[in-house]
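Taken from TrEMBL, the feature coiled coil applies to 67-151. Sequence annotations record features per position, and here TrEMBL assigns compositional bias 'Acidic residues' to 1-10. Annotated compositional bias 'Polar residues' per TrEMBL: 43-57, 156-172, 184-199, in sequence order. The domain 'GDP/GTP exchange factor Sec2 N-terminal' annotation in TrEMBL covers 59-149. Marked as region 'Disordered' by TrEMBL: 1-57, 156-203.
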Amino acid sequence: SEANFEEDSQEQPAVGHWKTLMPSKGSKEEPETGCQDAGGVDETQSTEQLNVSRLRSSSVEIREKGSEFLKEELHKAQKELKLKDKECERLSKVREQLEQELEELTASLFEEAHKMVREANTKQAASEKQLREARGKIDMLQAEVTALKTLVITSTPSSPNRELHPQLQSPSKAGFRKGHGRNKSTSSAMVSAASQNVTPEPVSRECKEVDSILFAEFQAWKESPTLDKSSSFLDRIYREDIGPCLDFTKQELSELVRVAVEENTLTIEPVASQTLPLTKMSAEECSGPKKCALSGLPRTCKHRIMLGDSGNYYYISPSCRARITAVCNFFTYIRYIQQGLVRQDVELMYWEVMRLRKEMSLAKLGFYRSEM
């Protein structure tokens with residue numbers, strides 16, 4: 001074997017040693033050497049395989065741990081994203097709610113502002129209307145006070161001034177003036193009383209006797225004059241004179257007339273004073289309506305009344321006009337007493353009240369002047 005090894009070594013080139021893969025036929029120990037070499041290679045390969053398997057197992061463990069870590073991180077990230085999504089959703093709901101509340105608040109503020117503007121405009125219009133009405137009433141009261149002062153100074157029931165009392169003048173002088181005539185109930189005692197008053201003759205004091213009960217009631221009322229019906233003085237007059245005098249067939253309209261007279265909002269004007277175009281005037285308007293609104297009877301109506309500022313006119317007969325005017329004259333006089341404008345003796349004021357009651361009694365019985 002040594003000889004063969006030497007031969008083999010001599011035959012091999014000097015560049016390097018090569019190991020024969022296949023043993024020679026004459027050598028018996030070569031297979032043992034090959035087995036030894038194969039055993040070493042197997043050990044090396046097994047070692048390498050072991051190392052590779054260890055590396056593979058370690059890499060698998062690393063991968064598993066890495067995947068577990070990544071899964072945990074991914075799970076944490078997903079949880080955080082879900083929480084953030086919920087928070088974003090909650091914040092968006094809060095924002096929407098705030099925007100809705102802001103819109104509602106803005107709308108309510110604008111509506112409230114418009115409401116305040118409307119109320120302010122309405123109050124301003126009402127105030128302006130009240131101011132105009134107050135100025136008109138002041139002008140009317142000033143004119144009435146001036147006329148009443150002249151009446152009180154120059155006229156008494158015993159010696160009346162015929163220039164200031166149209167009812168005492170002749171029919172030719174007491175007629176209505178041409179043109180538009182519009183008389184409030186407060187001034188009807190001095191301007192339009194001629195239409196229903198019978199010319200009284202001067203009566204001496206010996207022909208009159210004061211009723212103690214009526215005079216006592218008037219004196220009690222004169223101490224604290226008021227238009228309240230609770231006083232015995234006005235309660236008697238309402239029952240005996242005003243109520244029957246304003247009791248017409250049309251009960252509903254009669255009640256409205258009574259309220260308007262009490263509140264001093266009644267207007268009486270002659271029909272002939274209307275200045276309508278000829279093309280628009282019917283035959284009934286030219287000759288006057290033929291039916292009284294208060295009595296319901298066919299009568300020629302020369303006057304019409306308006307209750308307050310309603311704008312509705314009611315045509316009335318001369319008899320109804322005389323009854324309304326008599327009540328207006330009474331209210332005008334007691335209003336003057338209440339305002340302290342009549343400065344006369346109590347007995348003279350009492351007889352003036354009795355004269356006005358006499359006019360109401362005659363009017364409710366149907367007595368009136370034909371000039372009406």
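Cβ coordinates come from backbone N, Cα and C, glycine included.
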>> With helix taken as DSSP H, G or I, strand as E or B and everything else coil, how many residues of the domain 'GDP/GTP exchange factor Sec2 N-terminal' (59-149) land in each class?
In response: 91 helix, 0 strand, 0 coil
> Which residue counts does DSSP give the compositional bias 'Polar residues' (43-57) for helix, strand and coil?
Replying inline: 15 helix, 0 strand, 0 coil
